[in-house]
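Below is one structure; the comments refer to it alone.
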Amino acid sequence: MSSQSHPDGLSGRDQPVELLNPPRVNHMPSSVDVSTALPLQVAPTSVPMDLRLDHQFPMPVTEPTLREQQLQQELLALKQKQQIQRQILIAEFQRQHEQLSRQHEAQLHEHIKQQEMLAMKHQQELLEHQRKLEQHRQEQELEKQHREQKLQQLKNKEKGKESAVASTEVKMKLQEFVLNKKKALAHRNLNHCISSDPRFWYGKTQHSSLDQSSPPQSGVSGTYNHPVLGMYDSKDDFPLRKTASEPNLKLRSRLKQKVAERRSSPLLRRKDGPVVTALKKRPLDVTDSACNSAPGSGPSSPNNSSNNISAENGITGSVTSIQAETSLAHRLVNREGSVTQLPLYTSPSLPNITLGLPATGPSSGGSAQQDAERLAIPALQQRISLFPGTHLTPYLSTTTLERDGGTAHNPLLQHMVLLEQPTAQTPLVTGLPLHAQSLVGGERVSPSIHKLRQHRPLGRTQSAPLPQNAQALQQLVIQQQHQQFLEKHKQQFQQQQLHINKIISKPNEPARQHESHPEETEEELREHQALLEEPYSDRVSSQKEVPGLANMVQVKQEPIESDEEEAEPQQELESGQRQAEQELLFRQQALLLEQQRIHQLRNYQASLEAAGMPVSFGGHRPLSRAQSSPASATFPMSVQEPPTKPRFTTGLVYDTLMLKHQCTCGNTNSHPEHAGRIQSIWSRLQETGLRGKCECIRGRKATLEELQTVHSEAHTLLYGTNPLNRQKLDSKKLLGSLTSMFVRLPCGGVGVDSDTIWNEVHSSGAARLAVGCVIELVFKVATGELKNGFAVVRPPGHHAEESTPMGFCYFNSVAIAAKLLQQRLNVSKILIVDWDVHHGNGTQQAFYNDPNVLYISLHRYDDGNFFPGSGAPDEVGTGAGVGFNVNMAFTGGLDPPMGDTEYLTAFRTVVMPIANEFAPDVVLVSSGFDAVEGHPTPLGGYNLSAKCFGYLTKQLMGLAGGRVVLALEGGHDLTAICDASEACVSALLGNELDPLPEKVLQQRANANAVHSMEKVIEIHSKYWHSLQRYASTVGYSLVEAQKCENEEAETVTAMASLSVGVKPAEKRPDDEPMEEEPPL
């Protein structure tokens, strides 16, 4: 049927309606015609019926559209919701950002305010200091003017007043002096301190123009009356003397001077002006007393009669000018301007108590002055040697600057002395009297006299143990600083005793040239050159014992000439009285000295007992004890044995001078790298007994030439010199001014950055000593004198680059030692392992293109976000050195931190395979312990145990025939570094190590460590083929790796046994026919 449209709007496909079309309606009866209207009524109802019952085609057309519209509406709603949420988040972020910005700005303002307050406080302190200095200077000026006025009044006095005749005041003073002399001497024996008030020295000297030439009214020798160091009050001043203006006094004084110059006994020289100079009679103050020593100047040392007489008669008796605020040796200047030495050998490893002060003019009686000063210095040295905790140098060096510098450097010297006083002078002065003549026996003094400019006996090994009482010496001292001083003191004291016996037997023996030891640097030889310029025979003309004092003191005596008969009988009587009184005084003070020595030894014994150490002095002879008789030869005979060689064991090197490298602020809490680090390690090694099993060697300062093997000349000169010897350098060699290289730290000190502090006096010496100690130890191990070694040194060095100090480091000790091994010993292969938690950027820079030095560093890297930022795994070297720079750089932060498992795995899979393939001749270790548990995040953050480092050390000992040297680098937690050092030294000694915990053996390395190791193996496997074998075992635990290696070893063994078993079976059938061939 066709689907035609109809007027009623129905389509032809509507079959029910199609039956009622009009043509058919016309043939129907009329009675039914009414039904024609039915379609009109039925049609409206039929349409919904069709939709409901038959066809539903219109619905699929309308529903997708609606759903699409609904989906679009929902999408729009979601987008609007997301937009709203995004706007809310942005608004919240902006709000928080603004809040943080405000907080940060407030913190900045607060920080700036604090800095301003600190700056203002510092400025106020400076102003206050300047005000005090100005006030002090004004007081000095007033005192000086007052003295000049007094002097001018005396010069301009009327002719009618008395001039040459002693006044009533003078007579009263003389009488008071005689009555109080004995009381003053006894008082001076019991009081051993110096007044810090400079006016204390000026009390009774304003009348010096009236008290210069009268003979003394007491019979006490002037050479002993006035100690160089001791209690010095107004009553102890030189006796007031009459001026030498009358002819009879002039004649008498000149006669006395002539006799005194030729008199045999120095005890009779009371009035010998040129012999006893102002320096000798002046007390050694540590405060300022700057003045000239012209006759009548008052505040300077009281001049004796001969000086004034010589000046008045046209003979210039120049007296040395003494600058303000100078230390001990500045007062002990001889006639050439050089400084008198202490009798010990010149060791660069002990602190210097003085910097020397040049004299302004020659003194007319220099030889006798030197003689008395030489007797004074041993007395000081032997008294000081009993004081614990006092860091004293065994020598007073004389430099070219001191001889030729004149007064131009005096302000610099004063500045150096001011910097030195808080640590050196205070313990030195307290309780130590120093007399113009020695208080000990001749045998104890004479070695010091002759030792000053004689060479040391050849053939002594500096690191050798003492021939006698070495163990007793170690038990005697519990404080390591004082113990080291006593050990060195004992070695040199024995040698001096041996040497002085030869000198005594040959008093007129000509001088011999100074022999330098290998440890002495060229700088030290230059410092001692001044002492060599004057012949020894000029200083020691003859030796003769003084009757009655042979067992007390030995002094230089001049030949007796016939002119001695010109002396008046009265002088002889006075001399005898003075000699008897002098002898009595000597005995009293010798007894006092012995009592003090016994008191010190008892203190040591008590400290040893408190520490639980055995106390056994037995036959040990105290180092500072004098021989009781010149004829005693038992002690010198014992040191004639040849020095023993060092034991072939682990070597240790340490020096207390490195303790002086510390910030001037004095607060160690704000400076992680402080002196307590190495002091604690040394104490731990001593407490555990490890130090006694090792061989302790003597360190030295590295020379400037040695430093320049790694560092630039400007860097070496800037950080390897102190202000005193820096003045001798060419200013053009120093790049820029010194002040531009340092900054003021928040603590008030000075440094090159916030971490690397600088002490103008001690830092250069400590840094050079650290390098020299490492060099000495490395060379002794490399040459086979020692088995291995551990250097307890500071400051560290592996961050120091060619021209840049950083990270607490100034000179790269390990790199310098490696360079010198190549240059001096032609060592072809050197392995440097750096297990400090920070990358050794300085060491890497020094050998980045050297194929003969393999540098392996294990450090925290964190993609360059941990100090110093270098040490990426792809930094493999350059040029010929490609592949010889291995950075085992751990990345991943502290989630979780690296521990024993990770480091042991790195050693097993990276370090040891490469090291074995390299096959080094010497192994050097930059042994930083800041990866040990206990260090804060900025300084490490890892959780290694101390015993782990013992196992790492033990593995390295399998290389290079055991020639392994560890040098301390970082590590700032005292407990951690002490434990780790103990573990390493124990491993070096070959002791059985404590087993690792089972957890460490079973645990696998964390994912970050595995990824870091795989990356290193991937980079370096093309340079080191042995890494490929361990690439698959990085994820194994130690137990699993050991099991795998055992299985491989068993497999190899089985294969080898199979190959060995087949060969005999094949040979026997071959052999048997050959034996049977002849019968056939």
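A Cβ is built for glycine as well, from the same backbone N, Cα and C atoms used for every other residue.
According to Swiss-Prot, the active site annotation covers His799, on the basis of similarity to another entry. Sequence annotations record features per position, and here Swiss-Prot assigns Zn(2+) binding site to Cys663, Cys665, His671, Cys747. If you look up Swiss-Prot, you'll see 132-162, 233-244, 258-273, 509-527 marked as compositional bias 'Basic and acidic residues'. Here Swiss-Prot flags 205-224, 625-637 as compositional bias 'Polar residues'. Look at Swiss-Prot and you will find 289-312 tagged as compositional bias 'Low complexity'. According to Swiss-Prot, the region 'Disordered' annotation covers 1-25, 132-165, 205-312, 506-527, 558-579, 622-646, 1055-1080. The annotation region 'Histone deacetylase' is assigned in Swiss-Prot to 651-1080. Taken from Swiss-Prot, the feature motif 'PxLPxI/L' covers 348-353, and the record attributes it to similarity to another entry.
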Sparsest Cβ surroundings (other CB atoms within 10 Å) among the binding-site residues Cys663, Cys665, Cys747: Cys665
Least surrounded among the recorded positions, given as His671, His799, when other CB atoms within 10 Å are counted: His671
Rounded Cα-Cα span from His799 (active site) to Cys747 (Zn(2+) binding site), Å: 23
Rounded Cα separation (Å) that holds between the residue listed as 'active site' and Cys665 (Zn(2+) binding site): 24
Residues flanking the Zn(2+) site, with Cβ no more than 8 Å from the Cβ centroid of Cys663, Cys665, His671, Cys747 and excluding those residues themselves: Gln662, Thr664, Gly666, Asn667, Thr668, Ser670, Leu745, Gly748, Gly749, Ile757
The compositional bias 'Basic and acidic residues' (132-162), counted residue by residue under DSSP: helix, strand, coil: 24 helix, 0 strand, 7 coil
Arithmetic mean of per-residue pLDDT over the region 'Histone deacetylase' (651-1080): 90
DSSP-derived structure type at Cys747 (Zn(2+) binding site), helix or strand or else coil: coil
Conformational class of the residue listed as 'active site' under the three-state DSSP mapping: coil
